[in-house]
Amino acid sequence: MRAVLVLYFKYFLKWDDDFATTIYHTFVALCYLTPILGAIVADSWLGKFKTIVYLSIVYTLGQAVMAVSAVSEITDTNGDGAADNMTVHIALSMVGLILIALGTGGIKPCVAAFGGDQFEDHQEKQRSTFFSIFYLSINAGSLLSTLITPILRAQKCGKSSDSCYPLAFGVPAALMLVALVVFIVGSKMYIKVPPQGNIMVKVCKCIGFAIKNRYRHRSSRFPKREHWMDWAEEGYDKLLIAQVKMVLKVLFLYIPLPMFWALFDQQGSRWTLQATTMTGDFGLLTIQPDQMQTVNPILILLLVPIMDSAIYPLIAKCKLNFTPLKRMTVGMLLAALAFVAAGLVQIEIDKTLPDFPSSSQSQAKFINMLDKPLQATAGENDLTIQPFKASEGYLTFENDLDLITPEANFSFALNSSSRYTVVIFPDGVSKDALQFPDINKKPEQGNNEIRFLSGYSSLLSITVGSLSFGNVTSNNMSEYRSVPQGEAKFVIKDDSGNECTYDLTLGFGSSYTLIIPSTFTFGPTCKDSINAELDISPNSMHMAWQIPQYFLMTAGEVVFSVTGLEFSYSQAPSNMKSVLQAGWLLTVAVGNIIVLIIAEAAKLPEQWAEYILFASLLVLVCIIFAIMAVFYTYTDPAKIEAQFTDMEPEDKEKRKSVEMAKKDRRNSDSSDDDEEKRTQTRM
């Protein structure tokens, strides 16, 4: 669903790039904050099976609400197929996203762990195979979804010409429902471990007790202890305290990690928006902007076995001590390089974009609808415009436009930051019909904006596929219509039933004004007299230029993420794997929050500069992480736990005596209070 989410925000809800990116990363952050809630519910109350079932229902409902929110007809009051009350759609979208975040986040810490529960202690090989298949299925699902969901989105549905977002959201909802039913059907075959109390809650209570106890004994007359967690010895077992120390040691290393995820998750936001300004024509295959994300799961499926079976063994043979923390450092550097590559691509894209007017400027181009060349002066520019042709490119003006021709002089009021087409018609045409507004931004979603200018003597009906330009009157301009990439066949008809077909090959993101001259006649050669004037050039940078940045980011993910999970598992106590898993997911959430903060605070005018800023910040964080890694000492949790498995008798006796002393003190205080009350009563 995330594959098309940022495009849904931009093109259906009509949000700008920055706000769409903000809401996208807020949603992702919420998805990675809720696993903490899911872990607590599963371990303390419902158990993993019921938690998965109940929250999957919430998940499915969220997907269904998202599908409904994208149906423009629910607020279409005038029957044109467009949404008339966007507030309703935004409200439904937010409800759907919150439900999805609760559902997906709640089941994240449960699904893999529930699968692991199905194996006995002696089935380590089978359990390992299960996790490999589980990881493979996640990436296979990601690959299929990022291929299929954009195809569903690109379909036309309903009266509106908008993309079919209800289908793009509805199919995942249906598939989630099917998956839930299949999961429930197998209920009797599962091993269901009952909830045994949430270790995360115990860890938090132990840390809280240590902090409060240290604060009570902050005076210098109390001897210092080796570690601040040792102040929890009066209330908790030494084993639990030792385990918490190991967890805190790893969590401290997690502090710099969110910066990696801040860059990684922009594949679904900024990089997808970048792809909308590029061409996706791969010859036999045309790629949609949101389908470029498929490069990531494809490369994961290729790079994971290559890293495990070739790269890491080769490094080991070279006798290089490539520790997990060193791998993670390399992964962060690769992600930074990916954003440098994205910045370089953006610089090249910017070179191909039109030079739109600034906030103090306006632009205009001129079309000659006379049957003879036209000499004209526009401001300080002398023009020679051929019959039924447009002037070359747009001219920029700081003030209103004065146009001088041999026949007459004209003045036009031009709004700032706007583009116009000024048409010189034959004598007898009203002055008001001479000025037409043009689009002043790149067409959305890689489509092409097309309009017709007719000099034909009678009414014309123009269509392309199922899309109509309406009836175009003589000496007038049609409205823009959004036409997808490919071979477009425009059918032109008059009131007498005559028909002419005009073919035009369209790229990605162009704009044309098609001129039908006054000399136009129907017949076999009718299309030869139609002129296609290019207003905005099609995208020329190919989406293939994004592959290097995807390769670097995916390589960084494989080295960073897979290694990080392995490192966390190896350094975590036996009963606190879930705590570190929740901590790992929390770094993803914080990373998406970082995107929101930097994107809002920086407000850089150029997108390439924002990419370089993120890359620079990650390099800085990477240096800090490398320094922290140097001072980290690897531990063996099993050996440490073995030292505390059997508490020594004197330790037990010590804790018992401390508890008795506390009880005696409370009883003594209570007796003193009673005696004082009796004394006051006698007085």
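In case you wondered, yes, glycine gets a Cβ from its N, Cα and C as well.
If you look up TrEMBL, you'll see 20-40, 52-74, 86-107, 128-153, 165-186, 246-264, 298-316, 328-347, 579-599, 611-634 marked as transmembrane segment. Annotated region 'Disordered' per TrEMBL: 643-683, in sequence order. Taken from TrEMBL, the feature compositional bias 'Basic and acidic residues' covers 651-669.
Under the criterion of 3 or more C-beta pairs below 8 Å, with sequence separation of 6 or more, the transmembrane segment (20-40) and the transmembrane segment (165-186) do not qualify as touching, having fewer than 3 such pairs.
Using a cut-off of 8 Å between Cβ atoms, the transmembrane segment (246-264) and the transmembrane segment (52-74) share fewer than three residue pairs, counting only pairs 6 or more apart in sequence.
Sequence-distant neighbours of the transmembrane segment (328-347) (same chain, 6+ residues past either end, Cβ-Cβ under 8 Å): 257, 259-260, 263-264, 270-271, 274, 541, 545-546, 548-553, 555-561, 563-564, 567, 606-609, 611-612, 614-616, 618-619, 621-622, 625-626, 629. Between the transmembrane segment (128-153) and the stretches 52-74, 165-186, 579-599, 611-634, it is 165-186 that has the most C-beta pairs under 8 angstroms. Recorded stretches compared: 165-186, 579-599, 611-634; the one with the most Cβ pairs under 8 Å to the transmembrane segment (52-74) is 165-186.
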